[in-house]
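Working notes for the structure below.
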Amino acid sequence: MDPVEELELFLKMWAAAHWRGPKSLPWSFLVPYVIMLVVEGMPLLYLELAVGQRMRQGSIGAWRTISPYLSGVGIASLVVSFLVSVYYNVINTWSLWYLFHSFQDPLPWSVCPLNGNHTGYDEECEKASSTQYFWYRKTLNISPSIQENGGVQWEPALCLILAWLIVYLCILRGTESTGKVVYFTASMPYFVLIIYLIRGLTLHGASNGLVYMFTPKVEQLANPKAWINAATQIFFSLGLGCGGLIAFASYNEPSNNCQKHAIIVSIINSTTAIFSSIVTFSIYGFKATFNYENCLKKVILLLTNSFELEDGFLTASNLEEVKDYLASTYPSKYSEVFPHIRNCSLESELDTAVQGTGLAFIVYTEAIKNMDVSQLWSVLYFFMLLTLGMGSMVGTGTAILTPLTDSKVISSYLPKEAISGLVCLISCAIGMVFTMEAGNYWFDIFNDYAATLSLLLIVLVETIAVCYVYGLKRFGSDLQAMTGRTLNWYWKAMWAFVSPVLIISLFVFYLSDYILTGTLQYQAWDATQGHVVTKDYPTYALAVIGILVASSTMCIPLVALGTFVTRHFRSRAKFPLA
């Protein structure tokens, strides 16, 4: 294999284990994050790459080769990848929506719209914020609850169709058409991140965010949930269990050093997440400082006008001292004003850091709207999100298409282009659910439950299959014969004991957390209050959650049972009783 082909295959594996977007990883999270990378992420990534390279088939064929009873593992990976692709491309839809609106001056989320009478600002927007209003009302047009579905909204629907058209063009001919795509999707985000880092470090208050990020909070290290979250973050950012890693690795030359690729991909992925956290916290520090100083200005203005103080007398440095003086000197008047005085705290502003769509489409947009030449920064940011999303979709799409094109039953009737088109068409049709007024609530259901427990079970079975069904000694010998490298004690210990125990612990944690929580709940947008409220999922939503989890996990035991029954009847037919 020449260096260009090797680089192309490496980038394809990088697409399957793609960094997903901007992170918010404080110091207290970085310690367990790095430890979990070493004991969980890197070994399991190497395991999947090695299986794909050794068996030289997609996820279904690879596990069938190890044991016919394990075909369900590959099918489960295929189902999970399909469910992930259905909802994940909605993020690309939102990125396209924001990207199109980024060319407006001013940015549409920078100010609240006027009310119907043009006598003031929209009441919902004033109670929330302009960025939250644009997200919940203009982008999602969200309903008050999941039970009020509403209709399909044509603008997001068109963006979804466009997003799937782009994905189709990227995966048109399976792995043959993904090589050149990943060159762009893998490199473009770094270019934008570097620009954002330079800009972020020059913003007022950026240092506050960085100090917050790197300030040790040792007490949080004693919280088991921090370690669980770190393990989960590593697990999903590397794309373990989805089948894409096995699919791409199956195209490697047998002598390829997949151990080196596993180490490099793991380190690059995690280093990028940490690097993006520095960018995020510099911008988050700017946002928090801006909001904090804005809060102080409003309090100073309120007290100056209420007590007829001299302009410039009240400042941020003497605010608390003057407040105490006014409270003791004018107690009755101060008690009237007190309910309107906001409690301004930079620490509380920084403590509200979030992940996911909240970070991508609310926090960042609020920071961007206060930057100079905000349209430029908005275009760069959402173009970066789009390339990241498309890179992830390339990896997920390959995890779906490789097993399908490997199947002689399907490929004998349909060419690759038709298979890719059908997958995209079906996914797009199902994805229309997310463009309804209650679509974001269904998106959260898919995001929270379509893959979490399923992937844990899939990777646990994969590890047990390699170590205890195929045989760790036999697998090590295969790797040595292919690559000329002896499997050292670290990989053996991680695969045979540490990683399975860790996965079982995660599995038990999630199950116990769901059981102890009682009725599963979700965050619904309350337009009258201008913030989210917690509500219980209705019965039919709980049923959908159960179906999402069961649709993939049940493939493993059902296929194993079906294989056993089939073999049993075949053996009886071949050797009938006398």
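Placed from the backbone N, Cα and C atoms, the Cβ positions cover glycine too.
Features of the protein shown, as given by TrEMBL:
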{"type": "TRANSMEM", "residues": "27-47", "note": "transmembrane segment"}
{"type": "TRANSMEM", "residues": "68-90", "note": "transmembrane segment"}
{"type": "TRANSMEM", "residues": "154-172", "note": "transmembrane segment"}
{"type": "TRANSMEM", "residues": "181-206", "note": "transmembrane segment"}
{"type": "TRANSMEM", "residues": "226-251", "note": "transmembrane segment"}
{"type": "TRANSMEM", "residues": "263-284", "note": "transmembrane segment"}
{"type": "TRANSMEM", "residues": "379-401", "note": "transmembrane segment"}
{"type": "TRANSMEM", "residues": "422-443", "note": "transmembrane segment"}
{"type": "TRANSMEM", "residues": "449-472", "note": "transmembrane segment"}
{"type": "TRANSMEM", "residues": "493-512", "note": "transmembrane segment"}
{"type": "TRANSMEM", "residues": "540-565", "note": "transmembrane segment"}
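The transmembrane segment (226-251) and the transmembrane segment (263-284) are in contact, since at least 3 Cβ pairs between them lie under 8 Å (pairs 6 or more apart in sequence). Sequence-remote contacts of a segment are chain residues at least 6 beyond its ends whose Cβ falls under 8 Å from one of its Cβ atoms, and for the transmembrane segment (154-172) they are 89-90, 92-94, 96-97, 100, 139-140, 178, 181, 390, 393-394, 397-398, 401, 416-417, 420-421, 424-425, 427-428, 431-432, 434-435, 439.
Between the transmembrane segment (422-443) and the listed ranges 27-47, 68-90, 263-284, 449-472, the one holding the most Cβ pairs under 8 Å is 68-90. Residues 36, 39-40, 43-44, 47, 224, 228, 231-232, 235, 452-453, 456-457, 459-460, 463-464, 466-467, 472 of the same chain lie 6+ residues outside the transmembrane segment (493-512) yet bring a C-beta within less than 8 angstroms of a C-beta in it.
For the transmembrane segment (27-47), the residues of the chain that approach it from at least six positions outside its boundaries are 17, 213-218, 220-221, 226-227, 229-231, 233-235, 237-238, 240, 245, 258-259, 262-263, 265-266, 270, 273-274, 459, 462-463, 466, 490-491, 494-495, 498-499, 502-503, judged by C-beta separation under 8 angstroms. With Cβ pairs under 8 Å as the measure, the transmembrane segment (68-90) is packed most heavily against 540-565, out of 263-284, 449-472, 540-565.
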